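Under the heading active site, nucleophile, Swiss-Prot lists S132, C133, citing similarity to another entry as support. Sequence annotations record features per position, and here Swiss-Prot assigns FMN binding site to K46, S47, N130, K167, I195, G224, G252, G253, G274, T275 based on similarity to another entry. The substrate binding site annotation in Swiss-Prot covers K46, N70, S71, M72, G73, L74, N130, N196, S197.
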Amino acid sequence: MTASLTTKFLNNTYENPFMNASGVHCMTTEELDELADSKAGAFITKSATTLEREGNPKPRYISVPLGSINSMGLPNEGIDYYLSYVLNRQKKYPDAPAIFFSVAGMSIDENLNLLKKIQDSEFNGITELNLSCPNVPGKPQVAYDFELTKETLEKVFVFFKKPLGIKLPPYFDFAHFDIIAKILNEFPLAYVNSINSIGNGLFIDVEKESVVVKPKNGFGGIGGEYVKPTALANVRAFYTRLRPDIKVIGTGGIKSGKDAFEHLLCGASMLQIGTELQKEGVKIFERIEKELKDIMEAKGYTSIDQFRGKLNSL
């Protein structure tokens, strides 16, 4: 009995649910081509701003024993660079499943302008609006301000008619899950992506008695194994609270087929990999695909839909 990882997502069919997390291995067209040619089912571009950004001073990304700490500050080549890439790729591969395109403006107005540019373009893929970047000095995360989140989405959906998902920060309180889900259920969102890194962690080099990243006096977003329980909780919380047509992308702590199975069991439709992709490179997709298939076959599952979201309670 062979397990199939075929995944249907927003009228697209992908060979498997795996993709990169925006921010990892997607800065340049060369890296994007490597993702496109890898065993990943889909891929997403680097979160784009209006103009090119250098980001924060280095060192700003460090691998640590159970994951990573980063304070990148949204370095990217600007929206025109990535829009040109995806439009060219659409023309070259018209039958390929949809590409994901990420934007992350420094203000509400910038986000609206970025989305207007996508709306007015010939891009026919899926857009992800990042409302959760924790590493831009002086800029709070929009998605922790519930009124501002609602106000932003109200303005977005006046004009944006293409498939749109939003990337969310981790939430830690049941009341917050309830409040944000109630807001999101009011809008024609395609999906939510949970979670972005856990903001403002601190990792210390005992030998040097020093922090390990330069920006923000060493404070940075935490990813990898450290965040998996929080990521699973957020995936589950949104899967059980959002309208069934709003899908959940699971991100956080996926480095094995077992981790992937857990995210799917919590209700994730697609899976994004960041920290481990940074460590292993694109070959991770082939490994993790095999590991997930092995788990499914051992359990007698032939498709992901047979167990997605069916987490048992005690």
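Cβ atoms here come from the backbone N, Cα and C positions, even for glycine.
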Taking every protein chain shown into account, which of the recorded positions C133, I195 has the largest tally of Cβ atoms within 10 Å of its Cβ?
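Per the Cβ count within 10 Å, the most buried is I195.
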Long-range same-chain neighbours of K46 (FMN binding site), Cβ under 8 Å, sequence gap at least 6?
S22, G23, C26, M27, N76, E77, Y82, S102
Starting from each candidate's C-beta and looking 10 angstroms out, tell me which of the binding-site residues G73, G252 has the most other C-beta atoms.
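Of the binding-site residues G73, G252, the most buried by Cβ count within 10 Å is G252.
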Using only the residues recorded as binding FMN (K46, S47, N130, K167, I195, G224, G252, G253, G274, T275), report the maximum Cα-Cα distance in Å, whole number please.
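20 Å is the greatest Cα spacing among the residues binding FMN.
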Nearest to G274 (FMN binding site) in three-dimensional space, by Cα, is which of the recorded positions S71, G73, S132, C133, S197?
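For G274 (FMN binding site), the spatially nearest of the recorded positions is S197.
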So what sits near S132 (active site, nucleophile) in its own chain, CB-to-CB under 8 Å and at least six residues off in sequence?
Q141, V142, A143, K167, L168, P169, I195, N196
Taking the binding-site residues one at a time (S71, N130, S197), which has its Cβ surrounded by the most other Cβ atoms within 10 Å?
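Counting Cβ neighbours within 10 Å, the top one is S197.
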If you measure from the CA of S197 (substrate binding site) out to 10 Å, which recorded positions from the list N130, C133, G252 are inside that radius?
C133, G252
